[in-house]
């Protein structure tokens, strides 16, 4: 069934509650990367251009104490949003009460208002009560009472059941997806349920345990699953290969064995690695094929692996990439990740979808973002979606 989209709603004269994902990096009141704010603009603009009142909810960071609140106000985000929209944005420094209600009642059609960080509700009078992240039913009901319709455009939190997404939605007659949410559901959904073949998944990162559900779910769907990053060496161990001092999840070796058996020749592991004696960008490194020698740890895929992976990707029609090929934050071990990102940018006939912090950062660093079909805004959410799980935030959106 298709989901209701914001453009299906009549928003004129309506108070439209929009859950956005403004969880951006902020240091000393300065925003490091405003991509998530930019990504929400189409939905916000649609509402205000159609004479609705846009009331925005978002979390920012994690709030475990009153102290945490000091550096995690959404005020700088509201200011940046005002610049991007080129119009005034009202910021309300509270999450409930008369000040918020009055500000909403004073809105005119086409106005934009940002409510303070929803996770401020997780700590009340110094006590950790988790009203937002624990989906307190009274809070969801209260927030829902502030508007007429609800739009969820925060894919990044769709795998969480919070008061500001599932809580509000369960108290509303009409719940629609924003344009960003619609895009995520479309591209990730098609990749998993209706991919063009050959379909290749590239999964990297440190831990098998983070990606196990995805690998398991994609074995039957993908033509090839390329493995990179630290989790490679748990698979090496499962094959009886030497891993030196490389990262390994000993309690996942049996699981890796069963994946190797189940996947057969669909599973593509690196054939060579860049190794060093210490987890350090400045110590000498070398390329080794196959097993990792004693006293060394693998920190990136090697040149031969890059070539072999590119050969697999060359004819792909659908590619989903999540997770780095090596220790991306160290420049000497970022090459595998960067080369894969660069190569994906050349696949003009394929649907290419990238998710996960390091993969996304690599794509941005290379400037190939516009050559890819879709860059997912949700880390954990996109992984759970690729696992075939139903995400609470999406389940709560009305069907057409």
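The chain as shown is numbered from 1 upward.
Each residue, glycine too, has its Cβ placed from N, Cα and C.
Annotated features in Swiss-Prot:
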BINDING   21, 22, 23, 36, 59, 60, 61, 62, 119, 160  substrate binding site
BINDING   211, 329, 356, 357, 358, 359  ATP binding site
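This view paints the features noted in Swiss-Prot onto the structure.
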| residue | record | Cβ neighbours (10 Å) |
| --- | --- | --- |
| 21 | substrate binding site | 25 |
| 23 | substrate binding site | 21 |
| 59 | substrate binding site | 28 |
| 61 | substrate binding site | 15 |
| 119 | substrate binding site | 26 |
| 211 | ATP binding site | 25 |
| 356 | ATP binding site | 23 |
| 357 | ATP binding site | 13 |
| 358 | ATP binding site | 22 |
| 359 | ATP binding site | 27 |
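Within 10 Å of the C-beta of residue 329 (ATP binding site) we count 11 further C-beta atoms, all protein chains included. Counting only the Cα atoms, the space from residue 357 (ATP binding site) to residue 61 (substrate binding site) is about 15 angstrom.
You'll find the Cα of residue 119 (substrate binding site) roughly 29 Å from the Cα of residue 329 (ATP binding site). Secondary structure from DSSP puts residue 359 (ATP binding site) in a helix. Residue 61 (substrate binding site) has 358 as its nearest neighbour among the binding-site residues 211, 329, 358, going by CA to CA distance. Looking at residue 23 (substrate binding site) and residue 356 (ATP binding site), their Cα atoms lie 15 Å from each other.
Under the DSSP three-state reduction, residue 211 (ATP binding site) is assigned to helix. For the pair residue 359 (ATP binding site) and residue 21 (substrate binding site), the Cα-Cα distance reads 19 Å. Residues 211, 329, 356, 357, 358, 359 are recorded as binding ATP; their most distant pair of Cα atoms lies 20 Å apart. Comparing residue 21 (substrate binding site) with residue 358 (ATP binding site), their Cα atoms are 19 Å apart once rounded. Cα spacing between residue 329 (ATP binding site) and residue 59 (substrate binding site): 26 Å, rounded to the nearest whole number.
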